[in-house]
């Protein structure tokens, strides 16, 4: 996808807007009578670069036969041109079709995974899914069936979603994007949005840079030859290696929480000591415990402080 094409994807920030915070985008709300079916899928779970995007698509349950004829499928099996065409199809019938995406920024992914205690990618994905379903319900649509591409243990996740949304029938399964057309539609929305976010990426770090030799050299390294964004891709590996600033690390398109990035930082970046001399014991007192004392630091243990569920 070219930068020009990416700028036409309304669910992406656009070529001049840095992606600094996570956000949600909704199409127009369908007006056909319900109840509705809804599909959930994601794009960008594994890459070391760019956002993770969760997408949902929805249509009346009575419109399911019409949906089958539109050509939706697992977005990974489609060309970029076909995916762009299908996003147009999603927008072509606002009476019956709607879609939404939750774009989780690389900074949010890293901040969640590196905090103590960490919010792992499964939990961030789960939160995005719940948020999107709630948003659709709050827009006045009645949901009868929701189909979700598998995340972790399918039985456990299905039970969790059912507890969050009583009265809705949930199906969580592997390969849902190839089994259910409504999930295929969600897959297309997520994939096209993520590709547009990456292809039109604006490096916020360079917006206010002085026009000096060092800045020019850095801009040359921060090109858009990202490759697929996956850690195993040689093109991506070269880009990540060349984009490192030994003092400030990587631009914000990089997920700092990925092992690939941690290894490069430990090997090639300047080491930094963040605490004053003599403060190690104080820092240690607030570190999380291990084993049965997991998530409790020494201070809370000594003071007999415990977490409570309700007041």
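Cβ from N, Cα, C; glycine included.
Here is what TrEMBL records for this protein:
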type	residues	note
DOMAIN	35-270	domain 'RNase H type-2'
BINDING	41, 42, 149	divalent metal cation binding site
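Mean pLDDT of the predicted structure over the domain 'RNase H type-2' (35-270): 91. All protein chains considered, the CB of residue 42 (divalent metal cation binding site) has 24 other CB atoms within 10 Å. In this view, residue 149 (divalent metal cation binding site) is surrounded by 26 other Cβ atoms within 10 Å of its Cβ, with every protein chain counted. Of all Cβ atoms in the protein chains displayed, 28 besides its own lie within 10 Å of the Cβ of residue 41 (divalent metal cation binding site).
Take the mean position of the Cβ atoms of 41, 42, 149, the recorded divalent metal cation site; other residues of that chain with a Cβ within 8 Å of it are 40, 43, 54, 55, 148, 151, 176, 177, 183, 186, 187, 190.
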